[in-house]
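J.: Encoded as structure tokens, here's the structure I'll be asking about.
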Amino acid sequence: MLDLKLLQNNFDEIAQKLKAKKVDENLLKELSDLFINLKKEKALLEEFQAFQNKFSKELATAQDKESLKAQLSQNKEKINAQSKIVNELEEKLGQIALAIPNTPDDCVPFGEDEDENVELKKVLTPPSFDFEIKEHHDLGEKLNWLDFTRGVKISQSRFCVLKNEGALLSRALVNYMIDFNRSRGFELVNVPFLVNGATMYGTGQLPKFKDDMYKVENDDLYLISTSEIPVTNLYSNEILTQEELPLKMTCYSACFRQEAGSAGKDTRGIIRQHQFEKVELVSICKPDQSELMFEEMLNCASDLLSSLGLAHRHLMLCTGDLGFSAAKTVDLEVWLPSQNKYREISSVSNCKDFQARRAKIRFKNDKGKNELVHTLNGSSLAVGRTLVAIMENYQEKDGNIRIPDVLRKYF
């Protein structure tokens with residue numbers, strides 16, 4: 001959530017940044033009108049309260065006490081009625097504020113959509129092949145690693161069963177990713193895959209992405225779409241010490257997404273699934289630590305890809321493609337030979353104090369005052385897409401797939 005006082009005092013400037021993030025202008029107009037109306041109604045309430053305070057003190061020495069008592073009684077009714085008006089406006093403002101995204105950092109390039117994202121650098125050279133390459137789903141079915149038919153039978157479309165060496169490779173990747181992240185100083189945590197609504201609000205999934213969530217019927221529980229949600233919220237409504245920061249955590253989880261609006265995209269294979277696995281990085285830190293932490297997390301995920309021998313690139317997201325809670329995001333895209341292009345495999349985001357304000361995560365600063373932390377998150381890595389990348393980049397002419405050297409000890 002944005003700082004509403006800052007938004008009110010700098011509305012035009014912040015509104016321009018929000019427009020760059022495709023916030024509906026009608027919503028911004030409603031927000032502006034609310035600020036104006038709330039300011040007017042608060043001023044009237046303060047006027048009534050000032051009258052009450054002043055003349056309550058004078059009641060004992062007043063010459064016409066009964067008349068003043070009557071005036072104070074009437075004024076008390078005005079205060080109650082006006083307080084109700086102010087409370088209703090503040091509640092409405094709070095609801096609208098939950099639907100307003102984070103503002104982009106000044107370093108984020110302006111752009112309408114993913115076509116205007118900016119490539120920062122490429123890492124490693126994509127492999128060349130002297131034979132006709134196959135797509136991962138064809139390789140997987142031939143090797144009996146991927147069973148799409150039975151996945152659909154027991155669930156529905158966008159579900160797959162991993163088998164044999166495919167399942168072993170997936171498990172090896174999870175273990176390797178966790179070990180790699182831990183070697184970089186990230187503490188391993190294991191969290192529930194079902195969380196309550198307050199937790200979803202804390203990191204910004206609700207109310208904006210309600211249609212993309214799987215909700216448990218007749219219960220206030222949701223399946224997580226990323227372990228960023230429970231891990232960040234581990235510290236909701238807490239005040240941390242400076243000595244505890246930065247917190248660096250890594251977490252494996254299954255993730256669940258309805259993929260609303262993704263009809264027709266990546267319908268074959270396991271690139272876009274309703275259920276997938278991911279190893280996440282999450283950091284909670286002081287504001288003056290967040291830029292260094294962003295670079296540390298980005299380097300961790302990029303170095304992990306490099307250790308697997310996978311060519312990839314760093315892509316700075318433009319304002320129009322930036323996520324709801326993020327102030328800045330760099331995507332890592334891995335090379336897929338069958339598509340002859342790079343595909344997203346990780347997003348590293350700095351959310352600044354946006355999630356911390358929603359989740360009420362604070363620390364005691366040097367002046368002894370409570371200050372909001374900064375939160376960051378990033379995939380290190382998406383397991384299914386890493387599996388896809390290895391299958392395609394390590395395929396051989398006979399249809400077999402070599403296992404990267406760093407993974408062999410996990411088999």
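For all residues, glycine too, the Cβ spot is worked out from N, Cα and C.
The annotation L-serine binding site is assigned in Swiss-Prot to T226, S227, E228, E280, S379. Under the heading ATP binding site, Swiss-Prot lists R257, Q258, E259, E344, I345, S346, S347.
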J.: Which site among T226, Q258, S347, S379 has the most other CB atoms no more than 10 Å from its CB, taking these as binding-site residues?
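T.: The residue with the densest Cβ neighbourhood is S379.
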J.: Just how many other Cβ atoms lie inside 10 Å of the Cβ on E259 (ATP binding site)?
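T.: E259 (ATP binding site): 14 neighbouring Cβ atoms within 10 Å.
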J.: What is the number of other Cβ atoms found within 10 Å of the Cβ of S346 (ATP binding site)?
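T.: Other Cβ atoms found within 10 Å: 29.
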J.: In angstrom units, rounded to an integer, how far apart are the Cα atoms of S227 (L-serine binding site) and S347 (ATP binding site)?
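T.: So the alpha carbons of S227 (L-serine binding site) and S347 (ATP binding site) sit roughly 13 Å from each other.
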J.: Ranking the binding-site residues E280, E344 by other Cβ atoms within 10 Å, which is at the bottom?
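T.: Ranked by other Cβ atoms within 10 Å, the binding-site residues E280, E344 bottom out at E344.
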J.: Tell me the Cβ neighbour count for E228 (L-serine binding site), meaning other Cβ atoms within 10 Å of its Cβ, over all protein chains shown.
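T.: Excluding its own Cβ, E228 (L-serine binding site) sees 29 Cβ atoms within 10 Å.
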